[in-house]
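Copied straight from Swiss-Prot:
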- 22-42: transmembrane segment (TRANSMEM)
- 54-74: transmembrane segment (TRANSMEM)
- 105-125: transmembrane segment (TRANSMEM)
- 131-151: transmembrane segment (TRANSMEM)
- 191-211: transmembrane segment (TRANSMEM)
- 251-271: transmembrane segment (TRANSMEM)
- 296-334: region 'Disordered' (REGION)
- 301-318: compositional bias 'Acidic residues' (COMPBIAS)
- 323-334: compositional bias 'Polar residues' (COMPBIAS)
Amino acid sequence: MSSWMASIPSPGPEWAQIHLPFLPFRIQTYALIILTGIVVAAMWTSRRLTKRGAEPGVVLDVLLWAVPLGIIGARLYHVVTHPADFFYPGANVWNPFQPGAIWNIWEGGNAIFGALIGGAVGVGIGCRWTGLRFWTFADALAPALLLAQAIGRLGNYVNQELFGLPTSLPWGLEIASGNKAIPVGLPEGTLFQPLFLYEIVWNVIGVFVILWLERRFRLQWGRVLAVYLIWYGLGRSYLESIRIDPSEFSFLGIPSNVWAAFAAVVLGAIILRVQAQRHTGLEPGPYLPGREWVSPQAEVESGETDPEEILHADDDEERTGTHKPQATSLSGSN
C-alpha cells in the first residue's frame, strides 16, 4: 500500500500476562488496564461530587458495592449471551479449577452492558447506604465512566478482541490466525476493522460532548446520565453491527449487544423526558433530606463555640477579676 500506514499490528501473546518472579501467579494485563480505568473514574467522580458538596471520599463507599456487582453482572451477561461458549457436551461449566468454567473471568468474557446493569444496582445500594441522591452520583459518574471505558478498550487490543469485518483500510487491524473469532475461509493476513480503536475515539469525544452539554444546559437530576446512555448506545449499536462475534446470541437476526445498545438509547431518552417534567429546577444538594453531610468548616462557621475559646475566656476572667453573673434558677433544682 502507498498509504502512510499499512496496518495496525496486534500485541503478541506475551503482552497478555505479566509475570513477576516473586508472585506464584501471572497478572492479566487486561485486568490491570480495567483497574486503571476504575481508579481514574473513581478519582474524577470523587472530585465532581465534592464540588457539589458531598463528603470527600464518599465515592469509595459507593464503589464498594458498584465494582463487585459490576464484575458479576459483566460475567453473567456474557455467559447468557454466549451460551455456546460454555454449554456444550463435555464442557467444564462449574469447576473453577479447570479451564472454561463460567466463574473464570480471568480467561476473558466480560460484557460492558452487564457491568452497567450490575454496577447500577451497586450504585443504588451504595447511595442508599451513604444517603447520596442516586441521580447526583450517576451524573457525577457519567463522563468519568465513559473515559474509563475508553481506557478499558486498550485491554481488548492486548487480548486481540473486539474487531470487526475484514477491511482494506490502511488502519486495518492484524489478528493472529489462530483467533477463534476469525471466520473460516479468510486468507492469511486478512485485516479487520479495529473496533476497539473506534470506540476509544467515540468515547473520548463523548466525554467532551457530555461536559459541554452539562455546562451549557446545567443538566442535573440524571440528565447527564441520560446523555451518556444515548451517546454510548448510538455508537455501540453501530460498532456491534459490524463486529465479528460468532458465538453471540441473536434475536430476529440482530445480535444481543445491538439490542442492548438500542435499549440504552431508549432508556436515556425516557430519563431525559421524565426528569425534565418532574424536576424543573436544580438539585438542592447531593444528599437526601435528613442525610446531609456537614463539613467541619461549615460547623465552625455556623456559630458553634470552640472549646478553646471558652478556656481562654475563663483565663481572662481570672486575670482581671471579673466574672459574669450566674443566672438564678427558678425551679430550685441543681
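Cβ coordinates come from backbone N, Cα and C, glycine included.
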Quickly jot the same-chain residues contacting the transmembrane segment (22-42) by Cβ under 8 Å, restricted to those at least six beyond its ends, or write none.
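Tertiary neighbours of the transmembrane segment (22-42) are 15-16, 59-60, 63, 67, 106, 108, 141, 144-145, 147-152, 154-156, 158-159.
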Who are the chain neighbours of the transmembrane segment (131-151) in space, where the CB to CB distance is under 8 Å and they lie at least 6 residues beyond its ends?
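Non-local partners: 33, 36-38, 40-42, 44-45, 48-49, 52, 54, 58-59, 62, 112, 123-124, 199-200, 203-204, 206-207, 210-211, 214, 219-225, 227-228, 231-232, 275, 283, 285-288, 290-293.
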